[in-house]
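Participant: I am attaching a structure below and will ask some questions about it afterwards.
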Amino acid sequence: MDRQRVINLLAAVAAITVFGFTFGLMFPLLSLIMESRGIPSQWIGINSAMHPVGIVLSIFVIPYVVRRFGAKRAVIGSGLVTAAVIISYPFFPVFWWWFGLRLLQGFFVSILFAISEAWIVRFAEGPWRTRILAIYTSIFALSFGFGPAIISFTGIDSITPFAVGVAMLLAATIPIFFVKDEEVDSEDETPLSVLSFARKAPILLFAVGMFAILDAANLSFLPVYAVKKGFDQETAALALTAFVLGNTVLQFPIGWCADHFNKRWVMVGCGVLSGMSSLLVPFVFGTWALWPVLTVMGATAAGIYTVALAELGERFSGHELVTGTASFSTMWGLGALVGSLAAGWSIAGFGPDGLPFTMAAVFMVFIVSAMFSAVRERPKPA
């Protein structure tokens, strides 16, 4: 791996990691503010769903933005606009104005992540590809997990947590200046097509969608679930931190398994562990066992995404790789839309425990689909 490639990889990982801190803070912060003001769970879910709607809409402009402004300028510009959106939340009435703000946030965040993640997948190469991506996922999860923890210090009743988020987001644009990537900037004029990519890699997109359902549901509603089950707001935010931080210790072992064994069966194993962990949450809530269960659930769910990302990098390059990461973003947006709505309605309809039971059911669907794919396609290990 040449020096510039290493610099590109480190810079892209550094930037997207700091982005992660900000968004790890925003998801629970907005949900807890709405919960504290008596907004029903189903409406919190609908409001949370505007973020993934913005992600889905962005797929239509990402190729134009990259061709018009270049990849680096697109990432930096999107970061600045997102910072402006975040600092706007405290100055607008809660809830109804937030629909538009969350739509804009999701739109520009998608541009950030689609381009940055394309860099990371392309610059991670060789037999250690999955483990490099696992390290990236672990670092990202660590920063994402620290986001909710900030609420324990700032609370939710002032502008302080929003100001912290903006400061970190602006800092994240600095490493982008060190990235040098003519290939992305010189991509051809063919528009990105999620449908054309889906025909080539349906199980990868399905894996991303299933992960997104669990991820968005817990990012938006795990703190709300914990409050409804008796935790105070600060401890509820730490429950989300436990869910996210599992990635920091378990992603590398998952990556090692994916580099040495059939990636589809590794996905199946991650799905089984994540689904079982979700089922256990109501039974261990209020005991010390809750924390390791949340950790395993979050780590194995994210492991599905890590393995899918590694297979994407192995099978595609150049324009198809950018199409793939944009398709991943779109599928994450669709899955997150379903997850946010399903989580809100499951809590409203079945009580707090409707959340973990619904997520367990989602993973049952994924496990069956991934097993079928593993048996039928039998992709070779790296």
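Just so you know, glycine gets a Cβ as well, placed from its N, Cα and C.
TrEMBL lists these features:
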type     : residues : note
DOMAIN   : 8-378    : domain 'Major facilitator superfamily (MFS) profile'
TRANSMEM : 7-29     : transmembrane segment
TRANSMEM : 49-66    : transmembrane segment
TRANSMEM : 78-98    : transmembrane segment
TRANSMEM : 104-121  : transmembrane segment
TRANSMEM : 133-153  : transmembrane segment
TRANSMEM : 159-179  : transmembrane segment
TRANSMEM : 203-225  : transmembrane segment
TRANSMEM : 237-258  : transmembrane segment
TRANSMEM : 265-285  : transmembrane segment
TRANSMEM : 291-310  : transmembrane segment
TRANSMEM : 331-351  : transmembrane segment
TRANSMEM : 357-375  : transmembrane segment
Participant: Give me the stretch from 104-121, 159-179, 203-225 with the greatest number of Cβ pairs under 8 Å to the transmembrane segment (78-98).
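Facilitator: Most contacts with the transmembrane segment (78-98): 159-179.
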Participant: Could you check whether the transmembrane segment (265-285) packs against the transmembrane segment (357-375) - three or more CB pairs closer than 8 Å, residues at least 6 apart in sequence?
Facilitator: yes
Participant: Between the transmembrane segment (104-121) and the stretches 7-29, 159-179, 291-310, 331-351, 357-375, work out which stretch tops the count of Cβ pairs under 8 Å.
Facilitator: 7-29
Participant: Same chain, outside the transmembrane segment (133-153) by at least 6, Cβ under 8 Å from its Cβ: which residues?
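Facilitator: The answer is 13, 16-18, 20-29, 32, 120-121, 124, 161, 164-165, 223, 233-234, 237-238, 240-249, 251-252, 254-256, 258, 298, 302, 305-306, 309-310, 313.
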Participant: Among 49-66, 159-179, 203-225, 237-258, 331-351, which stretch has the highest count of C-beta pairs below 8 Å with the transmembrane segment (7-29)?
Facilitator: 159-179
Participant: Quick one: do the transmembrane segment (291-310) and the transmembrane segment (159-179) reach 3+ CB pairs under 8 Å, ignoring pairs fewer than 6 apart in sequence?
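Facilitator: No, the stretches stay apart by this measure.
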Participant: Please give the sequence-distant neighbours of the transmembrane segment (159-179): residues at least 6 beyond its ends with Cβ less than 8 Å from one of its Cβ atoms.
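Facilitator: Sequence-remote neighbours of the transmembrane segment (159-179) are 7-8, 10-12, 14-19, 21-22, 25-26, 29, 71-72, 75-76, 79-80, 82-83, 86-87, 89-90, 116, 119, 147, 150-151.
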Participant: Run the contact check on the transmembrane segment (357-375) against the transmembrane segment (203-225): 3 or more C-beta pairs under 8 Å, excluding pairs closer than 6 in sequence.
Facilitator: yes
Participant: Have the transmembrane segment (49-66) and the transmembrane segment (237-258) got at least three CB pairs under 8 Å, pairs 6 or more apart in sequence?
Facilitator: no
Participant: Under an 8 Å Cβ to Cβ limit, what residues of the same chain, 6 or more beyond the ends of the transmembrane segment (203-225), are close to it?
Facilitator: 24, 27-28, 31-32, 35, 41, 44-45, 48, 51-52, 148, 194, 197, 233, 236-237, 239-240, 243, 264, 267, 271, 274, 278, 294, 297-298, 301-302, 304-305, 307-308, 311-312, 324, 327-328, 331-340, 342-344, 347, 352, 355-356, 358-359, 362-363, 365-366, 369-370, 373, 377
Participant: Could you give the mean pLDDT over the domain 'Major facilitator superfamily (MFS) profile' (8-378), rounded to a whole number?
Facilitator: 83
